[in-house]
């Protein structure tokens, strides 16, 4: 009984706790949640304080943006047909994709998300559909700004409709609202979808239809819903001057009354319009006369009659109802007709005057390349134009107003120009005439037709090509250059919203001043004012547009001004230049600006786009004195490709078909340090797209070998890649040279052999954004006839660097992707596509004891010892013996290295000291060992300007990484450890000093924090391969501030397995010492894995491993004889010593005879020292670099280091 009572009491207590918990949650829910009627959800108005009613509506409030960074995809859902072609949310990933975007648009990195289509291969077209959630309604100004990507990566063809947008309503109707430019471009482009007034619930659909295509060929990102809400009641309850009040208590501008658009959302502004004469063409033509002399005719139709299955046909919808069933007037190009014009006209109207003008509102749809423009003319005694809009205005209905003051009976004429192009047309809807426009039955006299325009003085392609071809320069007079009297008339306003451009003339002290300025306009959309030139160009490599601009007024932020290029093939390109804010408070103050246009292969237009925050009498957004400078395509300022970039780019220029430009930077020069160099900041959060390319002036065919020399930086934890290519006239490319990954905050010297070319070509420096947190720099480029000297590093990525095979078998330049044999990845890129040199040593190719040799070009001897580093890979049992020799120009070979052991499936590092002062060659010799299907491969041969690291296995990073290395395998890490010092660092946070020297000049490795969202990404630092051990002590110093959220894990890697040795989360505010014992029964590597934090910095210095001695100082391993790597160095040192003693007496005589020559070469030897590190291992004499700073400064300008070439 007592037990039952106790159990009952417990149950009551549990029940009471549950009730209290429910009440607590209910109280919290009442404080933070918001309950609204379902019909008010997704209406672009935040009814809840946290805007929860506008979440997952195709956007996330209160910014109404969807960037697809969240798994919920803002409520968008995927639909597809039976073919499996569909949309999916994805990232570009760690490896550079061969299809799709290399990064998303929102974050600009490989970790950002976007929506992309899957791969497709089908006999019939397949359609993928991405559908938004249900949205309540939209306003007349509603639009979606988005970024889209269309690239035919597989060259299979995009088809007629790779991407389009539509609106689907609850009654089953679907109207096309967006058809982007369908050209293939490897980059994100911006577009705007104009939804307009939609009265009922709807969904937005994105469609892609293709037969063949790769994953990601079509992608979208960063959707922004703009100005979509209907008017809301004002706070005061009344509307201000210039506004009318709607029944729903909202306010709209009075000029929107009776304009055939429901701006209020409840129809208030379109009531009481009986005195207006409107025609929406739903019930007929309303008296408009479609008769014309032209062979093509206007027709009254709707989209249902044009096409519901072909997205590119017709305007997609009418303006009156915004549906496929609504009617309009339409004209397009017949299948068999070329360019022409056509017209229609109103009934006769009575005369008007200035006090009672006839006001006409109309809505036009000028879409696609068929649209050549639309004009409104008045026909009375004569016919003359009163309004015009050229070309295509986009995929939307544009509101326009025309004021007509005519003192005799007249008619209104609409004239459309039709081009012989693939798609598009011109449509008109909702013509509204004010009460002052009065029809009459009076007969019209036959008007005098205007004279035909004068015949062009030259062919069309030469008009506005920046070269005078006609007398008095008539062909260039109306191209937008204010140098000509009528230059301003070349700018045509194409604005579609409430801002527009106009021309103003002012006289200041009897001096005429003409400028373009932004003014108010009757357009419906809340968009920028736009004005464009006629088609220009093509242009040359230094083409520049110069102008002065003014944004003045009391407001600190007057508005924005931008310059765009509209390519005749590719469409509108990313913004070229932009300014936001205010230039001065007082009008009349102008700022001069030069905007680089560069070489444009296609004809193009220039566009000024501007918007003012508020237009008033004291606000001005204006542009004047527009001039084109050195724009003719044949204007070449310099043919000299040797350039230090101190004054200009010499014979180099920016590619205008890439994604971003190189920038000239002061204060980080290769030689004098405060000069100028070219760079790309991968950490710049504004960068988008894959590559930025620097092109040389076109070079004629060459029949001899040339050498391209340069200095470069690859710096940062995620820096991307630098490539050198040959570009040919047919668009094909050859890769000459490539480096990727962290190379330290120092300059490196690069060499490229340019072989003889049978056709014209261009050289290309390409910065590749395969990384997103680093810096690339370029300086002191030299291009000369003759062979390069032996390069400081050869990765075999594009060529063999002059190495020649000889012997019983051939060394092969290959990669695993194409050959299917040898190492699965190279050492440089650690991918299957990376190249190396391979000797098949199997008995069927190279019999036992037979030899094959790989010999380098001749290398000039130095006065001091240098180190040769290389990586080798052996495959199979008994692969044979690898010997590495120095072959002097005279005398016997000296062996540097020998190894005959199978090393497993891994690249191993070899090295040897070279102390030969005369000319010599490097030889890799493989001797067959009798094995089956065996090989020996070589990669990444590097020369450093000091002796090889000693066997003490201590690295203070003052001379590089001492055999430690980053990995480029995306399967194991994202980032790289990089080398720097406090003195050189200008961007990242660092420790206050290094540990070794305790100065700002000492070096260390670090993983810094930056603006890039790469937190929690990792970087591996790998030791050389180490022999098995019963006890080795690893010690190192770590800088990891308390505030840092980075971490460090130490691993032993052996046999493909990872064994954790140490884990650090916080090292303290200063350098801190750590150690760990290592035991291993097999060969192993040490891995220092750092994880980047959201703040702070992680740094390493003074790494040491004591082979065979544990951390207690106890000797654990038996001492072995000198390794094969060191034996060669010892033998070489003995032989060299003997030779030095024999030739000692000859050295003085040699010096005296060549004293003058030595002086001439002093500066050349300085340049060699100034090269800094010359390889990915960062092996170099930095002390020599610092000591020669001043000497290098005297060699800057154009005194290039020609001594590095063999001429």
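The backbone N, Cα and C atoms fix where each Cβ goes, and this holds for glycine too.
Going by TrEMBL, these are the annotated features:
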- 239-251: disulfide bond (DISULFID)
- 246-264: disulfide bond (DISULFID)
- 258-273: disulfide bond (DISULFID)
- 64-230: domain 'MAM' (DOMAIN)
- 277-439: domain 'MAM' (DOMAIN)
- 462-633: domain 'MAM' (DOMAIN)
- 641-790: domain 'MAM' (DOMAIN)
- 792-950: domain 'MAM' (DOMAIN)
- 953-1113: domain 'MAM' (DOMAIN)
- 1-28: signal peptide (SIGNAL)
- 1129-1152: transmembrane segment (TRANSMEM)
If you measure from the C-alpha of residue 251 (disulfide bond), which of the disulfide-bonded residues 258, 264, 273 fall inside 10 Å? 264
DSSP assigns the residues of the domain 'MAM' (641-790) as 0 helix, 82 strand, 68 coil
So which of 462-633, 641-790, 792-950, 953-1113 is most in touch with the domain 'MAM' (64-230), counting Cβ pairs under 8 Å? 641-790
Which residues of the same chain, at least 6 positions away in sequence, have a Cβ lying under 8 Å from the Cβ of residue 239 (disulfide bond)? 245, 251
If you measure residue 264 (disulfide bond) to residue 258 (disulfide bond) at Cα, how many Å is it? 11
Distance between residue 246 (disulfide bond) and residue 258 (disulfide bond) at the Cα atoms, whole Å? 13
Could you tell me the mean pLDDT over the domain 'MAM' (64-230), as a whole number? 93
Under 8 angstroms, Cβ to Cβ: which one of 277-439, 462-633, 953-1113 has the largest number of such pairs with the domain 'MAM' (641-790)? 953-1113
Residue among the disulfide-bonded residues 246, 251, 264, 273 whose Cβ has the most other Cβ atoms within 10 Å: 264
